[in-house]
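Right, one structure below, let's go through it.
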Amino acid sequence: MKTNRRCRALLAVSLNLMALLFSTTAFITTHWCEGTQRVPKPSCGKEKKTNCLNYSGNETANETNQNVVHYSWETGDDRFLFRYFHTGIWYSCEENINAAGEKCRSFIDLAPASEKGVLWLSVVSEVLYIMLLVVGFSLMCLELFHSSSVIDGLKLNAFAAVFTVLSGLLGMVAHMMYTQVFQVTVSLGPEDWRPHSWDYGWSFCLAWGSFTCCMAASVTTLNSYTKTVIEFRHKRKIFEQGFREEQNFLDQEAIKYFRERSVQPVTPSGELPMDSAGCREPRLPPTAA
């Protein structure tokens with residue numbers, strides 16, 4: 001019983017640790033959603049020779065004189081670049097088409113005003129989700145390494161299951177709220193940011209993987225609690241049944257002994273016979289037949 005309970009507790013701790021690592025990684029990374037943005041090509045110059053609009057005429061004159069009308073034979077999508085971007089809870093980063101590297105800006109500033117409250121609620125839910133995972137993980141470790149009795153282990157097990165279930169529900173709500181905010185931002189966000197195409201990234205997969213591990217840990221903890229209680233009750237029932245049988249056996253032996261004593265012969269003088277030690281045995285009242 002103790003070995004099985006320890007194995008179940010170890011499995012729950014492992015799942016909770018995975019959920020905690022996944023959720024923390026997803027929270028601090030910027031790959032919840034990723035895709036491409038369609039932006040106009042910049043003008044070609046001395047430093048920019050590719051992926052740019054090459055206007056006819058003198059390039060130097062065009063750069064210095066802003067009143068010159070520029071003509072280009074490129075039309076449709078040829079006039080645009082498709083730059084890669086990725087977005088998280090805190091920042092949205094996109095490829096820098098004029099230089100190497102990326103430039104990032106706050107996703108909270110990009111979200112429409114009507115969705116900022118939902119986004120902040122999502123952030124708070126994510127923080128509470130991680131904190132409750134830490135509490136559940138601590139209780140599971142206490143139950144695994146420092147629980148001396150079955151009763152104390154059951155109490156820690158029950159509290160760990162409650163905290164883990166609550167954290168999983170908060171995590172699910174937080175992920176769904178962020179998804180809603182991002183979809184609204186795609187439609188109503190700034191013109192220079194709106195994606196041309198997008199999909200969910202690996203941070204989003206880690207977030208939902210964390211939720212899955214969290215719920216698996218809670219189910220394992222509840223299962224361990226239920227099995228321990230059932231085994232404990234079963235063992236107590238067997239003990240009580242054995243104690244009753246032993247008590248009945250002793251009662252039957254006592255009744256048999258007193259019945260045998262009650263039918264012993266009496267001496268003619270009315271005295272009870274002597275026992276082996278030379279003492280008279282006490283007279284017992286006859287039992288009803």
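Every residue gets a Cβ built from N, Cα and C, even glycine.
Under the heading region 'Disordered', TrEMBL lists 266-289. The annotation signal peptide is assigned in TrEMBL to 1-26. For 127-146, 158-180, 200-226, the entry in TrEMBL reads transmembrane segment.
Using a Cβ-Cβ cut-off under 8 Å and counting only residues 6 or more beyond its ends in the same chain, the signal peptide (1-26) has close neighbours at 32, 126, 129-130, 133-134, 136-137, 140-141, 143-144, 153, 157, 160, 164, 171, 203-204, 206-207, 209-214, 216-217, 220-221, 223-224, 227-228, 231, 235. Here the transmembrane segment (158-180) has long-range neighbours at 12, 16, 23, 32, 89, 115, 118-119, 121-123, 125-126, 128-133, 135-136, 139-140, 143, 204, 207-208, 210-211, 214-215, 217-218, 221-222, 225, meaning same-chain residues at least 6 beyond its ends whose C-beta is under 8 angstroms from one of its own.
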